[in-house]
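Trainee: Below is one structure. I have some questions about it.
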Amino acid sequence: MGQASSHAAGAEGSATKPLSMLVAAVGVVYGDIGTSPLYTLKEVFSGAYGVPVNHDGVLGILSLIFWSLIWVVSIKYMMFVLRADNQGEGGIMALTALARRAAAGRKRLRTLLVVCGLIGAALFYGDSMITPAISVLSAIEGLGLAFDGIDHWVVPLSLVVLVGLFLIQKHGTARIGILFGPIMVTWFLVLGALGVYGISHYPEVLHAMNPVWAVRFFMVHTGMGVAILGAVVLALTGAEALYADMGHFGRKPIARAWFLLVLPALVLNYFGQGALLLENPDAARNPFYLLAPSWALIPLVGLSTLATVIASQAVISGAFSLTRQAIQLGYIPRMYIQHTSSDEQGQIYIGAVNWSLMVGVVLLVIGFESSGALASAYGVAVTGTMLMTTILVSAVMLLLWKWPPILAVPVLIGFLLVDGLYFAANVPKIVQGGAFPVIAGIALFVLMTTWKRGKQLLVERLDEGALPLPIFISSIRVQPPHRVQGTAVFLTARSDAVPHALLHNLLHNQVLHEQVVLLTVVYEDIPRVPPSRRFEVEAHGEGFFRVILHFGFTDEPDVPQALKLCHLDDLDFSPMRTTYFLSRETVIASKLEGMARWREALFAFMLKNANGNLRFFNLPLNRVIELGTQVEM
């Protein structure tokens, strides 16, 4: 009897796990694309585009939205992009690492793919500022339909919600995060119910599923042309989050949530809004809220605000995760990463990113004042990132997966053509307010490329005149210095030369430790390195050891913890016997070849303000000695 009960409980637990994963995925992954109905049709019919609210116009736009969701999300992302996981991890930086590995041996192609990845990552940060601003603004604007004269409170209330959201980031969202899934499931059920309510009044709107209406729209509205895709793309914002959050849930829960709940709810709601517009063209000023019965307006505003806050939280968390990956892949200066949960390694907080995003979001809300005005700036960053993702996935499919070109190329051309059209449709937005995310993206791209190139030049300068390790060991055999007890660990980027910190220590203190470890930390193009492959140890005699630690771009680089795995009889990493020696380089801009003087100055500034090895590698504060070196670049 007991065994039967246990078996039943286990069966019940295994049966409920997919459901719980689906609910959790809905709460984290689909907030952005799930809140798009708040403003998409409003922008199309009453915004800058001014599509006529008539039978052909409404059905044409609905058809474009429907088939965009099918082609871009259901086919491209669900069937292809989500398969391009880097050991389970997704996102533009994980994909860049995968594409870089796929292009091994092709230097120019490898460089081009890295540039595409950095452009996509830079644009993602611009999108991370716009998403919270437009989402929360569009939700709170619903109050204007319920109360007269409250419109001037929309901006202050939005700022209160958004600033409050950024202020709580440092404390983590683990406790309230368990509510995100149920709230977003409720949100999508409400979206679907509102859609059914609207469609029931005008069922003919379902004819928009026929792609002929999309084609007819382009034929009739030739003046708008491709430009209207700049508004339709608002329905696709958040598609990149499906891929970015894959590491948390896996491909299957994300796909199930999309096809079973999210896609049906979105389609029903868009079509319900379309039915309302066909029945009452004046509803174009805010078709989402006017679709609801008057008694449900206030609760709907409350639920919408919660949904947009959750969508914003997902974007902010995504920016934190992207930054950590970029740091460990060497594209961004090291920053202090604070873990906000003892249970979930992925829940982190990066202060510099948080405050930068908050300033950007506040400026956007104050500058644009409404979701309609902000929609004119939305789309450039989103479509740019989507286009870069398609380029990187193309490289992975052809070079890493070795798909036959006769099968892969036609599909990839279709993806690139659609993404290219959406991006081209959004380029004019740059002069309509879309310059903000583009400028932010360009600035971040310059910072990332300058940091990467600067670090390469710094290593080259330090290598000039470096003393090979075998020669140094031979010299101390001839003239052995005084040896003191304990283990000295010198962090160095090179595995075959003597670190500057070791030479400085020997020059000034005239001593060497009994055990000297030259430690190099290497980051792989994979998210996680198993413990069995964590380290390499090589003994060089005279108490010298070469240790190489390998980490993935999502691993926690805890050096003292990793060194405990180095099981070698001659090595002792006891905390009270181990001293870590670090080198702090100060860069001096010069006329030497390498980078422009302004980039050298920028790199010097970033290097000076970067988080040091001490905190980044979790080294014990009272066991670290830091020695300075000046380097001309």
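Glycine is treated like the rest: Cβ placed from N, Cα and C.
Below, the features straight out of Swiss-Prot:
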- 21-41: transmembrane segment (TRANSMEM)
- 61-81: transmembrane segment (TRANSMEM)
- 112-132: transmembrane segment (TRANSMEM)
- 149-169: transmembrane segment (TRANSMEM)
- 176-196: transmembrane segment (TRANSMEM)
- 217-237: transmembrane segment (TRANSMEM)
- 258-278: transmembrane segment (TRANSMEM)
- 290-310: transmembrane segment (TRANSMEM)
- 348-368: transmembrane segment (TRANSMEM)
- 377-397: transmembrane segment (TRANSMEM)
- 398-418: transmembrane segment (TRANSMEM)
- 430-450: transmembrane segment (TRANSMEM)
Trainee: Is the transmembrane segment (21-41) close to the transmembrane segment (217-237), in the sense of at least 3 CB pairs under 8 angstroms with a sequence gap of 6 or more?
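Mentor: Stretch pair touches.
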Trainee: Check for me, if you would, whether the transmembrane segment (176-196) reaches the transmembrane segment (348-368) - at least 3 Cβ pairs under 8 Å, residues 6 or more apart in sequence.
Mentor: no
Trainee: Can at least 3 Cβ pairs under 8 A be found between the transmembrane segment (348-368) and the transmembrane segment (61-81), with each pair 6 or more apart in sequence?
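Mentor: By the criterion, they do not touch.
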Trainee: Other than its close neighbours in sequence, what residues sit by the transmembrane segment (258-278), given a CB gap under 8 Å and a spacing of at least six beyond its ends?
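Mentor: That would be 22, 26, 30, 33-34, 36-37, 40-41, 45, 53, 55, 58-59, 61-62, 65-66, 69, 73-74, 78, 185, 188-189, 191-192, 194-199, 201-206, 208, 235, 242, 284, 287-288, 290-291.
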Trainee: Is the transmembrane segment (398-418) in contact with the transmembrane segment (61-81), using three or more Cβ pairs under 8 angstroms as the rule and ignoring pairs under 6 apart in sequence?
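Mentor: Contact between the transmembrane segment (61-81) and the transmembrane segment (398-418): present.
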Trainee: What parts of the chain pack near the transmembrane segment (290-310), using Cβ distances under 8 Å and only residues at least 6 beyond its ends?
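Mentor: Hits for the transmembrane segment (290-310): 27, 31, 34-35, 38, 132, 135-136, 138-140, 142-143, 145-146, 161, 165, 180, 183-184, 186-187, 190, 194-195, 197-198, 269, 272-273, 276, 280, 283.
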